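Here's the structure we're looking at; comments come further down.
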Amino acid sequence: MSSKSLPYSKKDVHYDNAKFRHRSFFKVITQNLHTSNVKNHCMSCSTGKFLLLLMIFGVAYLMLTHTSPTTDGLVKGSKNGTYEHITSGGIRFGNIFRKPPRLPPQLPPDVKGSRGNTGLDHRKLNSDLKWIARQQNVKKAFIHAWSGYKKYAMGYDELMPVSKRGVDGLGGLGATIVDGLDTAMIMGADKVVSEAGLWIETHLSNKINQTSQVNLFETTIRVLGGLLSAYHLSSVENGMDSTHKGPKPVVYLETAKNLADRLLAGFTSSPTAIPFGDVVLRDPSAHPAPDGRCSTSEVSSLQLEFNYLSSVSGDPKYTVQSMRVLEHIKTLPKVEGLVPIFISPRTGEFSGENIRLGSRGDSYYEYLLKVWLQKNRESNFTYLHDMYEEAMKGVRHLLVRKSIPNGLVFVGELPFGADSSFSPKMDHLVCFLPGTLALGATKGLTKEKAMRNNMLNFEDLENLKLAEDLAKTCFEMYSVTSTGLAPEIAYFHTEEFSEGGLDGGNKSSQYMNDIIIKPADRHNLLRPETVESLFVLYRITEDPKYREWGWQIFEAFEKYTRVDTGGYSSLDDVTSVPPHKRDKMETFFLGETLKYLYLLFGDSSVIPLDKFVFNTEAHPIPIEGTAKRG
């Protein structure tokens, strides 16, 4: 977000130097008498002298008896978020006779001067300016990514930036456009908002009506979530840079309803509460995946979006269908709150014993917490928080280990269930967990405020500590490689597991011998999970190291994934320099990765965590009863 210009403070007129020196009222009168014809005409007779003395004493009397203390302050404007200078109290007559001073250097609104704190103020100002500049660099990266997509792939799901063409891998609904729209709104990239909004208004409904098969989960989190977030952000004033370019908000809402009405076939076609994963939009109809199973994370990560659509449309059918899934899973057997990664829509039962918080398992745990928060912690949804807390205890007990020789905390897997051997494998996807743990501990408040209000119990503090430890590990998965970018999957050296010669390539890393990267796992897909957690942890702990880590990651993206002709590309191998580009820009790079980096470097009042929850594709959804529409 760009820095807003501020007016000067009235303190500036008292600066003790030649340009700002204040002149008293009496000095003004005296100088005027000596430099005007009044002296010649009025001083020549006794009556004139008497009138002059009478005037001076009268003005002095008024100044002594009718001037009250002056209070200066900065007040945030209600319309555009700018800051206005106000003055209360009596009139300073001396100011009438002087010219306004030359304006001193302008400061951001949160940088307040004080005589005894000048060094600290300068450091604060320099820090603010640094992060403003870095935030603008992220915005420039977003515009560069969009420019490549618009030039070579407009209307396709994704850009192939190296070969300069588009590809449909998500049903052909222009997923990059919808996924990146609310990022553009938050950044104030008005031209992108206009271009994306015009495409949605002109083309998206027709594409929805004519599209054959889509994945229920991917379409819900990216397209439905993106439309609903755009609807909300274009309907309210949230302190963002956007000036509400693009179509009217109702366009996004009506398009979302059309899409959701067709996606409901996934729920209504299934014989159980577990929906089918594949939906034919044009019919609409639905059917199970070829192996008959769904990912647990996919069927349990639809509720934020459908709940919000019910809230804004007034139609409860979306909530009723989606919440049946979580109500049903509540009744199923679990292992200390942990669940297998597959579930059958035919039987409604879990399938297999593989337990992990990476792919196919991750967002189940995320939505237990976030749906409860979305519902403003209502008593009817307490069961979700209970399931979340039980699961986090299970994570700490069954899945958390430390690497050797340097003790990085990581979350492993139980590929054959709780009674089988432990695998020290951790997907990059697991790096969502630090942010979720921190959010669950403080409910979106800063740690300092939550502690001041006695809101943190022992388990909250344990989860917050684990969140910080895991965030450290996730960052080291980046810094241990030659490119400074993380692999898709890492293994950790433990007493039971070790493989030599598979380090990340950065020989100067302290953790080179702790992290093992196998050849098949060395690719990077521009994923957002680590920067998501850095964003949440910075908001909650206010520790600047999370910003610095985020900046290092952003610089590595810029150095190795940027394509000069437009866009950014996934990489084949993060352990070699220069890395070979995979020729794919995932929609979530615009929808999530750059959004979280932009928010990480910006003001914490933008999309506050106690008023919004982010869906698993980083689309902010308002918490009920807190973030009202305009």
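Backbone N, Cα and C atoms are what each Cβ position is placed from, and that goes for glycine too.
No curator has checked TrEMBL annotations; they are predicted automatically.
Listed features, source TrEMBL:
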| type | residues | note |
| --- | --- | --- |
| TRANSMEM | 47-64 | transmembrane segment |
| ACT_SITE | Glu218 | active site, proton donor |
| ACT_SITE | Asp362 | active site |
| DISULFID | Cys431-Cys474 | disulfide bond |
| ACT_SITE | Glu488 | active site, proton donor |
| ACT_SITE | Glu529 | active site |
| BINDING | Thr616 | Ca(2+) binding site |
Alpha-carbon spacing, Cys431 (disulfide bond) to Thr616 (Ca(2+) binding site), which is rounded to whole Å
12
So for Glu529 (active site), how many other CB atoms are inside 10 Å of its CB?
25
What remains of the active-site residues Glu218, Asp362, Glu488 once a 10 Å Cα-Cα cut-off to Glu529 (active site) is applied is none
Within 10 Å of the Cβ of Glu488 (active site, proton donor), how many other Cβ atoms can you find? Include all protein chains, please.
19
How many neighbouring Cβ atoms, not counting its own, are there within 10 Å of the Cβ of Cys431 (disulfide bond)?
29
Return the residues near Glu218 (active site, proton donor) by Cβ distance under 8 Å, restricted to its own chain and a separation of at least 6 in sequence.
Leu170, Gly171
In whole Å, how far is Glu488 (active site, proton donor) from the residue listed as 'Ca(2+) binding site' when you measure between their Cα atoms?
18
Under 8 Å by Cβ from Asp362 (active site), counting only residues of that chain that are 6 or more apart
Ser297, Asp427, Leu429, Val430, Phe432, Leu433, Thr616
Entry from the recorded positions list Cys474, Thr616 having the most other CB atoms no farther than 10 A
Cys474
